[in-house]
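Below is one structure; the comments refer to it alone.
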Amino acid sequence: MKSPALLEGRVDVESSDYGALKKQLDFVNGCGDEQGHLGSMPAEQNANGLPPKAPEVSETKWEVRVRKFLWIVPLIHSEFWIAAGFSLLQSFYPAMASSKGLDADEFSYVYSTYRIAMILGAMLAERIMIWSSPVTCYLVGMTGYFAFNIIYGSLYWIPGGTVMLVISLASSFLGGVTYSLYIVSAYAVFTNRFVSNTGVAIAALEFTFTSGNMVGSILGGALIDRWGYPAPFFVIGTIIMFSFPAIAKLKSVLNKDYGSFAETHNPKEVTINYTKLLWDPMFIAGLGCMVLCWGQMGFNEPTLEPSLREFNLTSTEIGTVYTVQFGSSAVGSIVAAVFAHFKGETLFALIGLVLSVVAFLIIGPAPFIPIKRSMPLVYASQVFTGVGISSLYICGFCHSLTVTLQRGYPDTVRTTGFVSSVSHTCLFMGGLIMPPIAGYLVEAFGYSAATTVMAVLLAAWVPVMLTVWVAKAFFSYRTAKMNLTDARDKWSLQENHFTSKK
């Protein structure tokens, strides 16, 4: 995989002076005779009568390393603040909508529209990256999500009723599509540049996203208390755009040598059929993890808060329950990075899946568990859920990308873009399908039985990931054994050759 100019170990510093000549020294006895190229002119002037080019400034190893990874800063900035904006809709829109006269079942359509738009956006993102480039898709997503936040802040001044509902639905569609454009292209760029450490790159983004979620909820509440409902949408929406100029300036660098989709280094890549991966069992295993990741979140959205009312918790205490989940997810992303770094993503996905099963068994608790429901069990379940969600997301994505490259697909941004698009489509689908199912189960059978059904659904995927882990471990063992045998044969051949010469 080629590296762009920004990632080169040495960076040549060019003079911007018009007419300056590059140095072409004649080395005689180790000394350069620069005047031989400038004739008999004075040393202080060149052929154009301009001052000579300033000597090149050598960079230290630390400066080269900083320059090498400087492009990450604006991407992390946008990831953090888009995540903060992502948390605002769920946290603060319902109260404002209720104050405008909308019923819960009416503004629930807003969330459904938001998720449907995410699925459409994830599919559209790959097309935009093919027609243009990943960074173009990234910037379009950023701009659209900025507009989404501004519109939602402006809903405060719109009369209630049908007008507000229609505008909310339209802006939710905009927000869902543009969020997907951003997130799919972001993961395509990141994973393509860190293909040797894909899990670490994904974990870094997930940790940033989770941290942004927590900060967005806290900062949003503080801004509303001080200046009213529109404040967090305007403030965070504006901060999102601070990194736009830097990313636009880096556009050529981020796309260079990574195959803009229309102009790949290998023309044959345009005809590659990526859809064959959708029939690959190993690839499907990673997609299943993505569905179950947001499936857990989708289950908790309509059911967790109502189930906590039996404890008569304050708003702060309810917020603490969700904060525990976010914090555990952040910690889980760090652990996932370690596992992925040592090629153990399938093992940690399996561990996270088991933790998720335990989480839904104890939060009810399940009818066959003779324990009375209590807040310590709720907190414990949120810890397990947070770690499980992060493991399924990071390791599921990493596994799918690893399988893709092992199948011989080229290591380009088109490949990572396809994996990112399909993975996030499955992710959003889990979040779309599960809420109505969870609501029906709780209404028909009660919370304890509903969480047990969710635990069984998660447990059904455990044998799949166990098989994947065993198969991967066996393949790694066989490969290592073959490499060791080849090394021994090569050494024996060299030793025999050396002996025959004697």
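Just so you know, glycine gets a Cβ as well, placed from its N, Cα and C.
Remember, predicted model here, so these are calculated numbers, not experimental data.
Sequence annotations record features per position, and here TrEMBL assigns domain 'Major facilitator superfamily (MFS) profile' to 274-502. Per TrEMBL, the feature transmembrane segment maps to 69-89, 109-125, 137-158, 164-190, 202-224, 230-248, 277-299, 319-340, 347-371, 383-405, 417-438, 444-471.
Here the transmembrane segment (444-471) sits apart from the transmembrane segment (69-89); fewer than 3 CB pairs are under 8 Å, leaving out pairs fewer than 6 apart in sequence. Of the two recorded stretches, the transmembrane segment (202-224) lies close to the transmembrane segment (383-405), with three or more CB pairs under 8 Å once pairs fewer than 6 apart in sequence are set aside. Of the recorded ranges 109-125, 137-158, 319-340, the transmembrane segment (69-89) has the largest number of C-beta contacts under 8 angstroms with 137-158. In summary, the transmembrane segment (319-340) does not lie against the transmembrane segment (277-299): fewer than three C-beta pairs, each 6 or more positions apart in sequence, are under 8 Å. For the transmembrane segment (417-438), the residues of the chain that approach it from at least six positions outside its boundaries are 111-112, 115-116, 118-119, 122-123, 125-126, 129, 134, 180, 183-185, 187-188, 191, 261, 274, 277-278, 286-288, 290-303, 393, 396-397, 400-401, 404, 450, 454, judged by C-beta separation under 8 angstroms. Sequence-distant residue pairs (6 or more apart) of the transmembrane segment (137-158) and the transmembrane segment (230-248) include at least 3 whose Cβ atoms are under 8 Å, placing the two stretches in contact.
Within the chain carrying the transmembrane segment (230-248), a Cβ under 8 angstroms from the stretch's Cβ atoms is held by residues 73-75, 77-78, 81-82, 84-85, 88, 92, 135, 138-139, 142-143, 145-146, 148-150, 152-154, 156-157, 216, 219-220, 223-224, 254, all 6 or more beyond its ends. With a threshold of 8 Å between CB atoms, the same-chain residues lying at least 6 positions outside the transmembrane segment (347-371) that come near it are 289, 292, 296, 299, 332, 335-336, 339-340, 377-378, 380-385, 387-392, 395-396, 399, 447-452, 454-455, 458-459, 461-462, 465-466, 469.
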